[in-house]
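Colleague: So TrEMBL lists the following for this protein:
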- B:21-39: transmembrane segment (TRANSMEM)
- B:51-70: transmembrane segment (TRANSMEM)
- B:91-116: transmembrane segment (TRANSMEM)
- B:122-143: transmembrane segment (TRANSMEM)
- B:150-171: transmembrane segment (TRANSMEM)
- B:191-213: transmembrane segment (TRANSMEM)
- B:225-248: transmembrane segment (TRANSMEM)
- B:277-299: transmembrane segment (TRANSMEM)
- B:311-328: transmembrane segment (TRANSMEM)
- B:340-358: transmembrane segment (TRANSMEM)
Amino acid sequence: MKKHWSLLIMVSVVFLAGCMADKSVEENAIVQIVGYDVGEEERIRGTVSIPQYGKSEDKQAASELYLTVDADSTKDVEVEIQKQSSKPISIGKLAVTLYSKELAEKGLDDNVDVLSRDPRLSRNMFLGVVDGSAKDLIESGYTQDETTSKHLQGLIENNTLHNFPSTSLHDFLYAYYAQGMDPFLPLLKKRESFVELSGLAFFKKGLLVAEVPDSKIFTFKMLKENFIKGMQDLPFEGGTLMLENIGSNVDYSLTGPLDDPKFTIKVKLKAEVNEMAGVDRKATPKLAKEMEEKFVEYFNKEADELISLFKEKKVDPLGLGNFTKTRKGNFDLTQWQDNYSELDVDVQFDVKIIEYGIFS
Amino acid sequence: MNKLNNSQGLNIPENYLVTPAYVFFLIHSMQVGVGILGFEKYLVEKAGFDAWISILIAGGILHVILWMIYRLLQNGGGDIVEIHKSIFGKYLGGFLSLLFCAYFTLLAFTVLITFIEVIKVWVFPGMHVWVFAFVLLFLVYYLVSGGFRVITGICLISVIIGLPILLLKYFPVEAGHTMNIYPAVSHSIPGILGATKQSILSFLGLEFLLIYYPFIKNPQKSKKWAHYGVFYTTMIYLISVLVTFVYYSEEQLKQVVWGTISAWKIVEFPFIERFEFVGIAMWLYVVLPNICLGLWGATRIPKRVFNVKQKYMVIIFCIAIYFPTVLIDGRPMIDVVNNLSGQLGMYVLMYIPVLLVLKTISDKVRKRT
Amino acid sequence: MWKWKRKEKQQPEKQQQTKKQNGSLSEFIQAMQQSEDFVHYKLSGSTRCTISYLKTMSDSKILNRSVLSILNSESLHTLHDMRERIPVENIRVTSKLELIEEKVMFGYIMVQIHEKDEEVLLVPAVSLESRDVGIPEVEFSVVGPKEAFVETLNTNINLIRKRLPLPQLTVKETNIGKVTKTRVAVVYIDGVANKDNVETVEQRLKGIEIDQLTDSSFVTQVIADNSNSPFPQLLDTERPDRVVSNLVEGKVAILVEGSPHALTCPTTVVEFFGASDDYFLPWHLATAFRLIRLFAVIFSVLSTPLYVAVLTYHHEMIPGALMATIVSSRSDIPFPPILEVIVLELTIELLREAGARLPTKIGQTIGIVGGIVIGTAAVDAGLTSNVLLIIVALSALASFTTPVYQIGNTIRLIRFPFIIGAQLWGLIGVSMCMVFFIGHLIKLQSIGRPFFEPLYPLRIKDLKDSFIRLPFNKQTERPVLTRSEDTQRMNPSRVNAKRDIDE
């Protein structure tokens with residue numbers, strides 16, 4: 001009998017002491033998007049949007065609460081926002097983090113440290129650079145039935161399936177910490193009533209150093225990774241061709257010694273032409289051949305431009321240094337960086353047009 | 001001959017024995033613990049992306065040590081206590097056995113506090129350790145009091161539950177950079193050997209064979225299963241390390257404390273995101289056999305040396321572990337304990353060849369007289 | 001009064017002595033005469049004798065047609081003559097008081113030449129009221145045999161024997177229960193069932209100390225290896241075909257007089273999730289249904305604890321698309337998830353309990369009223385979220401998919417520790433509860449055989465008929481669990497003989 005009593009006491013102690021004071025989902029302010037701008041007096045201005053879910057009849061209407069604070073550091077933004085919120089702030093579901101271009105040009109190193117340190121953050125989060133003010137971008141609701149964060153998340157995610165290369169937090173951190181590799185982020189721009197991805201921003205460590213407009217991104221993505229969807233247009237004989245990628249494959253190879261490496265990047269592209277506006281010829285193998293040559297010429301030019309831009313800005317988003325490091329034993333980072341601008345990179349394109357749509 | 005020795009040394013009734021194949025699970029589940037969640041960092045610090053070689057070397061060394069342990073036990077009649085007694089006599093031998101007891105306890109303790117730290121960092125920063133440790137140790141007591149067969153069962157379950165977690169490695173590989181895997185050796189031999197030492201530390205656990213050997217039915221037949229066990233562990237570690245090499249860049253990996261848990265973060269299903277919570281919860285199944293077998297081994301030694309009831313020893317050891325678990329807090333102290341148990345483990349592994357030599361000599365001397 | 005009888009049974013050498021001490025036949029008759037239904041009178045026809053019987057227990061047809069007609073028409077002077085003449089089988093002449101008492105209590109007719117005689121004639125004229133063999137109601141199956149056990153032991157053994165016409169089918173009987181003296185039969189196939197298993201069962205039955213044994217579930221609880229466990233350690237079934245297939249596998253069955261359920265052992269936890277339907281369907285379908293059932297059980301136990309764990313501690317795990325649904329359904333609920341879950345789970349248990357206690361037709365009404373009215377009203381009133389209502393209803397439904405009723409109860413109840421674990425430490429608490437139950441299952445034994453088999457000890461051969469069911473030609477051996485003395489079910493070479501195309 002005594003044993004039973006002591007067991008009872010133990011169990012009740014466990015229950016009373018074990019329960020942690022934690023709030024259930026709906027009692028948290030779940031931050032899903034945060035934007036950072038340069039604030040006054042060297043401070044950071046953080047803007048968050050907190051979706052307000054209600055048990056209203058029309059669940060469609062997504063209402064959001066926007067909070068903006070000035071803080072000393074990234075983590076301090078959370079502290080400051082907490083002061084304005086009736087519910088505890090939860091950043092576990094953060095899906096999009098935006099930086100204004102102004103802030104990125106000053107460097108994002110402090111912020112990257114927080115992003116890689118906090119266990120609650122998702123690695124599939126998207127980062128982006130805003131051409132303009134991140135606050136304005138967050139605070140102008142775009143659609144009726146979606147929250148801003150969901151809209152922006154969808155925007156970036158959808159585009160990474162097409163012309164844009166993949167840019168999640170993990171990809172950013174991978175490149176950020178790697179030797180001989182530099183990160184890049186999508187560039188967002190707010191137009192009158194909508195927001196669009198306007199290009200890519202290239203970083204040297206945490207510092208924004210170069211930008212590329214969206215017209216060149218197809219070429220960049222081909223150089224960077226294998227992909228199967230995407231479109232690129234090209235003027236051809238007074239008309240326009242629209243090329244749809246149905247499978248591109250990139251292969252790097254490295255020859256020569258470490259102090260004088262020679263890179264060959266081979267890109268094989270299988271494509272379909274689905275617009276031939278203004279081209280007044282029948283689709284024949286001969287025409288295909290001509291188009292292929294034209295595309296190769298175009299891509300070569302674009303790729304050379306990109307690589308010379310990278311060399312000039314001393315950024316390496318393609319990870320050529322990282323590639324060298326895995327292939328050659330005694331890789332020296334400083335030597336590599338010194339030689340980077342004179343690096344010999346040869347890009348070879350092989351375009352095969354295999355379909356012309358269902359109408360000839 | 002060996003069987004005869006067994007039954008002379010320790011009379012264990014047949015229904016408490018386990019069949020040889022379970023040695024595979026016993027060895028494997030004891031070798032895989034909390035270490036595998038974050039061992040990559042230490043390896044990469046020493047040998048960079050060449051650390052996979054170190055794992056293979058470490059696996060090879062462990063096969064040799066396993067062979068030695070079997071040699072020792074086959075000639076030695078029973079367990080480590082019996083061997084110590086026959087070589088060093090009753091008092092010195094007993095003392096050495098008690099050192100093993102301390103080592104086993106430390107191993108169980110290390111696993112416990114490291115797992116609690118993982119929970120505190122990743123899931124519940126504000127958790128009351130004293131309640132959690134109490135309940136966990138109560139659970140351990142419940143399992144250990146079921147005897148060796150129950151612990152073997154838990155080992156088996158832990159291996160079975162570990163298998164689906166292994167499949168999740170697909171996600172980081174898909175998101176990673178496979179070109180990182182390239183067999184170009186860039187690190188010096190000392191670096192690779194240093195990483196080998198590190199990987200041996202995460203491979204610790206097969207020395208428990210020294211104490212549960214008498215519980216194996218037909219111990220000779222278990223030899224091949226034990227080697228399979230070590231081989232499987234080596235492969236699991238190799239796969240884990242290769243996956244993290246694909247997923248992280250080298251410099252990044254040096255700063256990631258728990259490589260495997262961080263890699264779970266990207267696992268997403270339509271009904272569940274952020275798999276690390278599930279992963280850590282499932283890891284309890286992997287951690288428990290470690291603690292249970294550790295405590296069982298530790299409490300069996302006093303039973304064999306002093307002939308005290310193991311039942312009471314388990315309670316005493318649980319209480320003895322409980323208080324330091326509650327008191328220890330924070331990464332620095334846990335690192336100290338981890339290093340200590342690693343060092344001790346290293347010495348134990350180095351002690352085994354010495355013991356084998358001594359045993360052979362003493363056998364020869366005895367034969368002559 | 002009853003106590004000495006037990007002792008006497010255990011120590012037959014002292015029988016003579018005790019008998020003298022404890023009264024005679026006339027005392028027994030005197031004691032019986034206090035009951036109104038005891039008939040005791042002298043017959044003064046051609047044969048002079050004394051007849052006594054319990055009129056509520058004896059068949060008056062036998063008495064009138066076979067006994068009285070002979071006794072009145074012929075002049076018989078010894079009990080042995082009577083035994084020869086009376087056309088009823090199995091008549092005995094005995095002077096053992098104990099036997100006489102027992103038989104008379106069961107409805108035998110006692111005939112004495114003189115009232116003071118110690119030696120009597122016992123004519124079996126037992127009239128037993130029993131139900132007809134009906135269709136199985138607890139373990140109903142759409143295809144397959146539709147016979148279920150009834151409350152009479154003889155009928156039940158008949159149902160088994162007619163399916164197993166084997167001389168090796170052995171039935172051993174004992175009486176258990178100080179007061180009730182219930183007949184308990186141990187049934188097994190000699191040469192197939194393991195001797196140790198049979199012995200263990202017999203020993204355990206012999207060791208039972210209980211005053212009343214009104215159902216087989218008493219036996220389950222008393223002879224279980226761990227009586228504190230929520231898991232039943234003997235499989236109970238009302239289907240004779242299931243018992244027969246278990247006997248053929250080498251298991252031992254226990255039948256109890258007055259209970260329409262047979263017990264079979266040794267059993268495993270996996271067996272509780274197999275239905276007899278599984279053997280009537282093609283093996284792939286049966287496998288699929290078994291897996292569905294297994295999933296249902298896991299879902300039933302874990303769904304509400306996971307709800308509590310995720311909503312209270314790990315809301316990062318909820319995918320973005322689900323987030324809006326869950327949060328808006330919970331936004332006006334005044335209670336934390338744990339309270340919400342416990343209240344709703346208890347409501348479901350209430351409904352089930354009320355439905356089970358009431359007659360079928362009212363039970364249905366209660367189910368509809370409870371399920372629909374309370375459910376929708378609670379959601380409308382903002383007391384529970386509709387997401388949880390779906391989860392709780394589904395998990396209750398899933399818990400009823402288990403073919404054996406006993407384990408269904410277990411599953412519904414072990415959910416509560418999981419919920420508490422989830423509230424304490426989220427997923428880790430759920431995990432800890434799970435380890436506890438797995439450890440418990442590993443520790444459990446069914447008459448000395450591992451209960452968690454074939455998972456632990458891992459027996460690949462027995463896995464062929466556990467979570468999956470392979471075709472019959474793959475199952476040429478009896479389960480390792482039963483340690484059968486004859487491991488071969490059939491000749492595997494003939495079963496699996498390969499034939500070429502067009503042969």
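Cβ atoms here come from the backbone N, Cα and C positions, even for glycine.
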Colleague: Hey, which of B:51-70, B:91-116, B:122-143, B:277-299, B:311-328 has the most Cβ-Cβ pairs under 8 Å against the transmembrane segment (B:225-248)?
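Modeller: Stretch with maximum Cβ contacts: B:51-70.
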Colleague: Verify whether three or more Cβ pairs under 8 angstroms connect the transmembrane segment (B:311-328) with the transmembrane segment (B:122-143), leaving out any pair fewer than 6 apart in sequence.
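Modeller: In contact, yes.
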Colleague: Report the listed stretch (B:51-70, B:191-213, B:311-328) having the maximum count of Cβ pairs within less than 8 Å of the transmembrane segment (B:340-358).
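Modeller: By the under-8 Å Cβ criterion, the transmembrane segment (B:340-358) pairs most with B:191-213.
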Colleague: Any contact between the transmembrane segment (B:311-328) and the transmembrane segment (B:91-116), i.e. 3 or more CB pairs below 8 Å with pairs at least 6 residues apart?
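Modeller: Contact between the transmembrane segment (B:311-328) and the transmembrane segment (B:91-116): present.
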Colleague: Which residues of the chain, 6 or more past the ends of the transmembrane segment (B:191-213), have a CB below 8 A from one of its CBs?
Modeller: 23, 26-27, 30-33, 35-36, 39, 42-43, 46-48, 50-51, 53-55, 57-59, 61-62, 65-66, 69-70, 72-73, 78-81, 83, 100, 104, 107, 148, 185, 219, 226, 229-230, 233-234, 237, 290, 293-294, 296-297, 300-301, 341-342, 345-346, 348-349, 352
Colleague: Going along the chain, which residues at least six beyond the ends of the transmembrane segment (B:21-39) come within the CB cut-off of under 8 Å?
Modeller: 66, 111, 114-115, 118, 152, 155-156, 158-159, 162, 198-199, 201-206, 208-209, 212, 216, 222, 225-226, 228-230, 232-233, 236-237, 240-241, 257-261, 283, 286-287, 289-290, 293
